[in-house]
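Visitor: So Swiss-Prot has the following annotated:
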BINDING   H99, H101, E105, H144  Ni(2+) binding site
BINDING   H99, H101, E105, H144  Fe(2+) binding site
SITE      E98  site 'May play a role in metal incorporation in vivo'
SITE      D104  site 'May play a role in transmitting local conformational changes'
SITE      R107  site 'Important to generate the dianion'
Amino acid sequence: MAQIRIHEINTRIENEVEVSKFLQEEGVLYEKWNISKLPTHLKENYSLTDENKAEILAVFSKEIADVSSRRGYKAHDVISLSNSTPNLDELLINFQKEHHHTDDEVRFIVSGHGIFAIEGKDGTFFDVELEPGDLISVPENARHYFTLQDDRQVVAIRIFVTTEGWVPIY
């Protein structure tokens with residue numbers, strides 16, 4: 001279950017109902033997908049082949065199709081980041097720069113953890129700490145950045161309206 005940390009007042013929201021309500025009020029789509037259906041050989045696997053990535057997409061194909069039909073998403077892929085990723089530190093530096101996109105930024109966490117820091121409607125940033133099974137859609141034009149948690153590893157399904165609209169604007 002995702003958790004929220006509000007930056008300026010360092011308050012945490014950990015209750016599932018309160019997390020969902022907070023994100024809904026901020027215009028952030030949040031869903032919990034059934035991660036238990038992921039085959040064992042893909043759990044906590046950060047060295048994925050193209051076949052592994054295709055299998056992950058197949059496992060969650062119904063959920064991807066459902067959210068895509070509701071929200072107008074047209075493309076998806078799988079990304080894996082870990083300490084074995086070449087230039088991980090350089091990638092994280094870029095990810096941690098505040099930016100926005102002209103399309104939603106959608107991520108479903110398959111393994112590992114990630115944090116989206118999002119500027120709220122009142123101008124205060126809040127972290128959404130994500131774990132396996134969490135899907136988030138950062139709204140278009142919302143200022144945000146992404147980083148990894150202390151384990152420095154994540155596998156995520158990325159879902160796009162268009163890949164062109166997903167280019168970061170700093």
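Note that Cβ sites are derived from N, Cα and C of the backbone, with glycine treated the same way.
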Visitor: Near H144 (Ni(2+) binding site), which of the recorded sites E98, D104, R107 can be found within 10 Å, Cα to Cα?
Guide: E98
Visitor: On a count of neighbouring CB atoms within 10 A, which of the recorded positions H99, R107 is highest?
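Guide: Sorting the candidates by Cβ neighbours within 10 Å, the top entry is R107.
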Visitor: For E98 (site 'May play a role in metal incorporation in vivo'), what residues in its own chain, 6 or more apart in sequence, show a Cβ-Cβ distance under 8 Å?
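Guide: Residues satisfying the criterion: E119, R143, H144, Y145, Y170.
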Visitor: Using the Cβ centroid of H99, H101, E105, H144 as the reference point for the Fe(2+) site, which residues of the same chain not in that list have Cβ within 8 Å?
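Guide: Going along the sequence, the neighbours appear as H100, V138, A142, R143, Y145, F146, P168, I169.
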Visitor: Does anything in the same chain, at least 6 positions from E105 (Ni(2+) binding site), have a Cβ under 8 Å from its Cβ, and if so what?
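Guide: Long-range Cβ contacts: F116, S137, V138, H144, W166.
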Visitor: According to DSSP, collapsed to three classes, what secondary structure does E105 (Ni(2+) binding site) have?
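Guide: Note: E105 (Ni(2+) binding site) is in a strand by DSSP.
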